[in-house]
Structure formats: C-alpha cells, structure tokens
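To start, the structure under review is shown below, and the notes come after it.
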Amino acid sequence: MTTIVSVRRNNKVVIAGDGQVSLGNTVMKGNARKVRRLYNNKVLAGFAGGTADAFTLFERFESKLQMHQGHLTKAAVELAKDWRSDRALRKLEALLAVADETASLIITGNGDVVQPENDLIAIGSGGAYAQAAATALLENTDLDAREIAEKALNIAGDICVFTNHHHTVEELDSTTEPETPAA
C-alpha cells in the first residue's frame with residue numbers, strides 16, 4: 001500500500017505521500033506520484049490503495065470538482081454517492097485524502113466522506129504511524145505543516161515495509177486553522 005499524510009497549520013495545508021508501489025511483498029516501483037494538484041492547482045489529493053483504482057477515482061473526483069466549480073465538500077459527497085451506487089466504482093479499493101484552502105477530507109472506499117479531527121489525515125498502510133507522529137509534532141513543536149508531514153512520513157517509512165522515503169509533497173495556502181482540542 002502506501003502512506004499519505006495531510007497537515008494544516010499556520011495558514012498552510014500540505015498533502016504528502018511516499019512513492020512505493022508494491023505487488024504482494026515485492027517493491028515494483030519506488031518513485032510513484034500519489035499526490036496531485038487538481039482543479040487549477042486549487043485542490044490537493046493523495047491516494048492509498050490500488051494504483052489503477054486511484055487514477056479512476058482521481059478522474060472522477062476532478063470531474064466532480066469541475067461540475068461543482070471547485071467546491072470540495074460538494075464534489076466529495078457527489079463522488080461518494082457515485083462510489084456507493086455505481087457497480088464498477090464499488091469494486092475500487094482506494095482511499096483519497098483531499099484538501100483545499102478551507103477543508104480537509106477523507107473519501108473512503110465505502111463511500112464515506114470524513115472531515116478529520118484537527119484537519120490531520122493519515123491513510124494507507126503506514127497511516128497509523130504517520131498519524132501518531134504528526135499528532136505528537138503538532139502538539140509539542142512549532143514545526144510548519146510541511147515539516148510535520150515530512151517527518152511523519154519518515155517515521156512511517158522507518159516502520160512500515162510498504163512505505164518508502166521517496167516523498168511527493170504539495171502545499172497550498174490555507175484560510176482556516178484547525179480547532180485546538182480542549183484539555
């Protein structure tokens with residue numbers, strides 16, 4: 001699989017991912033681009049799961065963004081509806097992490113759209129490691145979003161055999177800050 005992480009901090013949002021493509025227990029490619037810019041570079045998207053499935057979802061998601069003039073949440077919900085109702089899409093095995101200047105969302109293979117706590121997303125085989133690392137860095141450092149995403153991916157890559165250290169990082173200016181959790 002892979003690891004994708006998204007962090008929002010100090011008016012920046014980042015989605016970063018590793019580049020490993022595995023077939024069973026064999027590394028087939030180490031420099032795949034699993035993070036992309038969509039809709040006139042205003043939306044970031046990263047995928048975890050089957051590569052062909054993810055490209056199909058990228059195309060569908062981008063068409064939904066076009067249809068809804070770049071409205072991220074509306075496009076995500078419409079894609080999720082299609083994913084649930086379309087027999088061909090239902091068989092796709094992938095997760096999407098998407099973000100624009102105001103929102104960060106996870107679109108699941110079950111057709112769910114989730115807005116994560118604190119605008120922190122970590123998906124894929126190394127997602128739990130990346131999420132734990134990013135959470136600790138968000139709570140205990142002043143690092144920026146890009147540094148946190150890169151460090152979280154490095155930690156996931158050190159632990160998860162399906163995650164490597166070849167990263168693609170995309171960044172946008174953000175107009176919102178995640179809520180600080182109550183003590």
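Note: Cβ is positioned from N, Cα and C throughout, glycine not excepted.
Residues or ranges marked as active site by Swiss-Prot on the basis of sequence analysis: THR2. Residues or ranges marked as Na(+) binding site by Swiss-Prot: GLY157, CYS160, THR163.
The shortest Cα-Cα distance from THR2 (active site) to any of the binding-site residues (GLY157, CYS160, THR163) is found for THR163. Within 8 Å of the Cβ centroid of the Na(+) site, not counting the listed residues GLY157, CYS160, THR163, the chain contributes THR3, ASP18, GLN20, SER125, GLY126, TYR129, LEU153, ALA156, ASP158, ILE159, VAL161, PHE162, ASN164, HIS165. If you take the C-beta of CYS160 (Na(+) binding site) and look for same-chain residues 6 or more apart in sequence within under 8 angstroms, you find THR3, SER125, GLY126, TYR129.
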